[in-house]
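S.K.: Feature list, courtesy of TrEMBL:
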- B:1-11: compositional bias 'Pro residues' (COMPBIAS)
- B:109-300: domain 'ABC transmembrane type-1' (DOMAIN)
- B:1-21: region 'Disordered' (REGION)
- B:36-57: transmembrane segment (TRANSMEM)
- B:113-132: transmembrane segment (TRANSMEM)
- B:144-165: transmembrane segment (TRANSMEM)
- B:177-196: transmembrane segment (TRANSMEM)
- B:225-246: transmembrane segment (TRANSMEM)
- B:279-300: transmembrane segment (TRANSMEM)
Amino acid sequence: MNGPALIVLFSLVAYPIGYSFWVSLHQQNLKRPDDTRFIGLENYFALWRDPTFLSSLRTTGLFVVLVVSMTVVLAMILALVLNESFLGRGVLRSLALLPWAMPGVVNGLMWRTIFDANTGALNGLLTDLGLIDSYQAWLSSPSGAFFLTAFAQVWNTLPFAVILLLAGLSTIPSDLYDAAKVDRAGVFQRFRQITLPWLLHPLLIVLILETMNAFRAFDTIYVLTGGGPGDATSIIAVLNVRTALTYTDFGLGSAYSWVITAFTLIISVGYVAALYRKGSFEV
Amino acid sequence: MTTPNVPPPDVRPPRPRPSRPRRAVPLRYRVPWKKIVVYTLAAFLVLYLVLPFYWIFAMSFMREVDAISVPPNWIPPHPTLDNYLSFLRPDESQALVGGRAIRETPFALGNSMIVASATALLNLVLAVPAAYSFSRLRFTGGRLLLIGYLITRMVPSIAIIIPFYLMIRSMGLLDTYWALILSYLTFSLPVTIWVLKDFFRAVPRELEDAARVDRCGWFRTMWSVFLPVAAPGLVAAAVFSFMTAWSEFMFALFMTSTEAAKTIPVVAANFATDMNTQFTLMAAAGVVAVVPPLILVLIFQRLIVQGMAAGSVKG
């Protein structure tokens, strides 16, 4: 019964995957079509000598950590609030999914109008609140651009994490909490000893999916900063696209892609191993 | 004499009494801390989630002058539908500054609709049998196959975009719906299979056994017993693949070049990269790009969470 799916996937994916790995072992640049030759792992070695790559690796690391930690904390708060019963919960539940409906490109577009140096809402809001005296060019400073890009990315990917955590929360039997209340466990104790252990699995899924997403973040950054100013927001995925599609350096670009793949695989294997040891993972 | 029912005191020592004395007045007013915290957090979250979108929403109903004023107008002072209407018939000045993107928006919306729906539908058709086999049968290589599906998902789309482009070109499918539908299948199908597999496992086997006792064939059993029970999972999976397809940008950028198949993110990016574009038109395009998937999400909100709860969260 796997036939149809297998045929479709295999015929669509197998060749491109194999081909791109093959290309990553070549010197192949559209700008120098005559100079295409097999060079083994040279592209990969070249990456490690390239200061642009090394600095983007640092940027990517910071970006991933920042985005993932902000997403997890915010999503946890949002999911916990949504799990309580209060007036207007249905409305908030629906609103929580709003950013999910927004394509990454549109997300970048939206935040660009908000962060705009001359007319942006952020400047307007902060001035109205009396927090700043004059309009700031937020996206022109490297650190400002970096943090705001991460912020915009978090807004976009938050709902997915919330859905997973909320689904996890809904599977916790409520009598556990009743029992804990009888034992006079405080709010934080209940969270640490009941909620967190039950949420371990969805939390790990959130961690890995958001890490993968952050590693590949491109759409929002492309529209918001294009990787700049300088290389402040040039995370590895942005560099990958630039190398492969703008500089048409297919060989090096493919090597980039496989480095991203390797990172993703390592993280996923770590995740599966962690779950497997806990005995809660079966395929 | 003690009654035999009373347990000896050393087996169950009495709980140490809390040192605090009991409250003398049980009906004293207590500050509802929990309520206060929940409502405060909820209010902040509403602002966080809604304000950014509200900004482009409000902007899309403004005239350009009002949109770029300092200090900003939080409410459109002269509300107008002109920005939306210009997608249908751009006037001369608009045609000059951002004409192509404006004219292409309605087409792109239609294209996105068709491509995303077809992707969702094909995903279900292909993934249901595969997921069913994983949830009910044990077969050699099953685990390996399942992990294999997942691994195809690990390769970033930028890795396969060039060979995929060459493949699609040689099939003569560039700038068609199929180019996009096929490429979106590559990354949504593995996820769909995984989500559905977990969901199907949660459906009790007894249902199918009962149907078989009633002499239902396999297809009847699937169609009228199994799939209806699994409906939340199907809906969740379909919505997920719809959203992926709706938002995808890179493949759409490279596989399409005209309004025959360009999708809404591609056109939206044109608004962003064109320095002349008016803010208000850009905002209107953004709103238009969000509304269809938003409606979908709102309708199926309950089923999505339910589907996830029964499915992948348990693993």
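Please read every residue number as a count from 1 along the shown chain.
The backbone N, Cα and C atoms fix where each Cβ goes, glycine too.
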S.K.: Within this structure, do the transmembrane segment (B:113-132) and the transmembrane segment (B:225-246) have 3 or more Cβ pairs under 8 angstroms, counting pairs 6 or more apart in sequence?
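M.R.: Contact confirmed: at least 3 Cβ pairs fall under 8 Å.
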S.K.: The transmembrane segment (B:177-196): which same-chain residues, six or more beyond its ends, come within Cβ distance under 8 Å?
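M.R.: Residues packing against the transmembrane segment (B:177-196) from afar: 111, 114-115, 118-119, 122-124, 126-128, 130-132, 134, 146, 149-150, 152-153, 157, 160, 164, 168, 230, 233-234, 236-237, 240-241, 244-245, 248, 251-252, 255-256, 261, 263, 307-308, 311-312.
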S.K.: Grab the same-chain neighbours of the transmembrane segment (B:279-300) for me: Cβ-Cβ under 8 Å, and only residues 6 or more beyond its ends, written as numbers and ranges.
M.R.: 53, 56-57, 59-60, 62-64, 67-68, 83-84, 86-87, 94, 98, 101-102, 105, 109, 112-113, 116, 235-236, 239, 242-243, 246-247, 264-265, 267-268, 271-272
S.K.: Is the transmembrane segment (B:36-57) packed against any residues at least 6 beyond its ends, judged by a Cβ distance under 8 Å, and which are they?
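M.R.: For the transmembrane segment (B:36-57), the sequence-distant neighbours (Cβ-Cβ under 8 Å, at least 6 residues beyond its ends) are 282-283, 286-287, 290.
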S.K.: Can you work out which residues elsewhere in the same chain, 6+ from the ends of the transmembrane segment (B:144-165), have a Cβ less than 8 Å from its Cβ atoms?
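M.R.: Residues 134, 174, 183, 186-187, 189-191, 193-194, 197, 250-251, 254-255.
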